[in-house]
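Some notes on the structure that comes next.
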């Protein structure tokens with residue numbers, strides 16, 4: 001089994017390295033395997049052609065490259081990550097499958113690179129692609145090491161519990177066999193030969209070293225010889241097999257270093273790769289769309305970068321919202337459930353802030369940093385009314401996030417958030433606001449003086465209100481063309497839909513606060529996740545270069561709207577299936593959602 005694993009691993013690694021070797025094999029010594037750089041005999045650039053999207057030569061190779069990368073990073077990798085989080089026995093084969101498919105995609109990309117002209121110099125897709133590829137490969141390699149170490153520990157335990165091969169075992173085995181042939185119904189302590197189990201005649205010829213092993217096999221005084229024979233036949237009478245080359249290599253070069261603190265650091269690094277590799281793949285895919293579409297040249301890079309970053313944040317936010325609805329982070333109280341107590345999840349998780357805190361903190365962080373970035377594209381030029389509009393939006397995010405951040409820590413965490421300077425719904429602020437009622441009430445033990453049940457769940461509409469205002473402003477934001485205005489209106493409407501659905505969620509939670517540790521799954525959160533994901537994709541598409549490209553091909557806003565809605569629905573369905581696969585893996589492995597330190601809190 002070990003040899004098969006190492007053979008498969010070696011084949012996957014060699015196939016993964018093949019595109020890199022080919023990329024370095026041309027006479028110009030190019031180091032980019034994923035970018036569309038020049039080959040040794042570059043073709044002449046056709047007149048008026050500026051993107052790989054419009055390049056018809058070798059288009060089939062590019063389509064295969066895109067299809068295989070989507071298969072690797074969108075289909076196979078998420079399932080592998082979920083199985084890894086569940087500590088499933090099937091994760092390693094799927095990880096190697098990912099490496100093989102990704103290597104084939106890279107190889108096709110290299111072939112395309114060497115047969116097309118250079119249309120995007122020094123692009124970021126090649127650098128990003130190779131970085132995330134090596135990180136994913138390192139993640140798989142660490143999974144292989146972890147699997148080996150677990151397998152080695154299991155075999156070490158089996159070796160300890162197996163009866164050793166020695167003269168006493170052989171003599172006892174032969175004696176019981178002879179007794180069985182003579183008298184199958186005789187008790188084990190009556191051999192009929194005057195040679196009892198513990199007499200000196202049986203072991204008289206043994207050496208002292210053998211006598212020291214007598215106590216390893218205590219047996220009952222009265223039992224059938226058939227039972228003795230059955231038990232002794234289970235004894236391992238074979239010599240231990242020599243270690244394979246795979247075991248020798250790992251024990252000498254890898255396993256001896258992954259101990260103690262090094263093992264903890266190794267595990268931490270593995271978890272970091274495990275939880276971020278999908279986002280890294282998303283970054284690589286987004287940079288690929290930039291290079292393939294031929295956008296973000298020169299000064300336009302700032303506009304494109306801003307739309308990609310902001311839209312990508314809302315897109316990922318939509319995935320997290322969907323995950324919360326499906327039960328992600330339930331042990332933190334983020335899955336619209338009652339937060340588990342410290343006795344259930346431990347002190348660290350019990351003190352974690354609420355999901356509203358995370359939302360508000362991100363909003364505040366965006367506002368305080370983006371104030372200084374809105375004028376970056378026109379640095380040194382005069383401020384325009386549009387620049388001031390964007391800065392005002394950043395100020396809205398800064399103030400709204402700061403005001404709303406206090407809902408932020410869950411009441412059950414028993415943390416005094418007043419020292420953080422927060423305002424709304426902090427435990428200290430709540431006590432001050434209730435002081436007038438509490439001091440004027442003489443019956444402090446009365447049930448009417450107890451905290452309402454709504455206090456046990458954090459509800460803060462400020463993040464939804466901020467995104468609602470953002471969507472409204474973008475829906476009426478003046479743009480350079482009608483198409484750009486309509487696309488901005490689309491994602492603005494999506495954000496408004498998110499805000500309204502989130503407010504409905506809070507109404508449901510206020511009327512009937514959750515009383516269980518299990519996710520309550522309010523149906524309105526499906527709408528919020530859909531609106532966020534669709535709005536994020538449309539936000540990305542609304543950059544100036546993409547809008548100009550759509551206009552040049554005669555495409556209208558309905559094209560982007562329908563394609564985005566269909567893609568979002570497909571991603572929602574696939575994400576649900578992936579999380580369900582993780583649940584299946586947890587059930588197969590016999591682990592619960594709150595298993596200590598194993599399954600994690602991703603889903």
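Sequential numbering from 1, following the chain as shown.
Using the three backbone atoms N, Cα and C, a Cβ is placed for every residue, glycine included.
Automatic prediction, not curation, is the source of TrEMBL annotations.
TrEMBL lists transmembrane segment at one of the ranges 24-45, 90-111, namely 90-111. Of the listed segments 540-560, 561-581, TrEMBL assigns transmembrane segment to 561-581. Feature annotation (TrEMBL): of 176-223, 224-271, the stretch labelled region 'Disordered' is 176-223.
TrEMBL lists transmembrane segment for one of the ranges 131-149, 150-168, namely 131-149. Using the rule of three or more Cβ pairs under 8 Å, pairs at least 6 apart in sequence, the transmembrane segment (561-581) is in contact with the transmembrane segment (314-336). Most Cβ pairs under 8 Å to the transmembrane segment (90-111), among the stretches 131-149, 277-302, 494-512, belong to 131-149. Stretch with the most C-beta contacts under 8 angstroms to the transmembrane segment (277-302), considering only 62-83, 131-149, 494-512: 62-83.
Residues of the same chain lying 6 or more positions beyond the ends of the transmembrane segment (62-83) and with a Cβ under 8 Å from any Cβ of it are 52, 90-91, 94-95, 97-98, 101-102, 104-105, 108-109, 112, 136, 274-275, 277-278, 281, 284-285, 288, 292, 574-575, 578-579, 581-582, 585, 602-603.
Listed as Cβ neighbours of the transmembrane segment (314-336) (distance under 8 Å, sequence separation of 6 or more from its ends, same chain) are residues 279, 282, 344-345, 349, 352, 354-355, 410, 412, 495, 505, 509, 514, 517-522, 525-526, 528-537, 539-540, 572, 575-576, 579, 593-594, 601-603.
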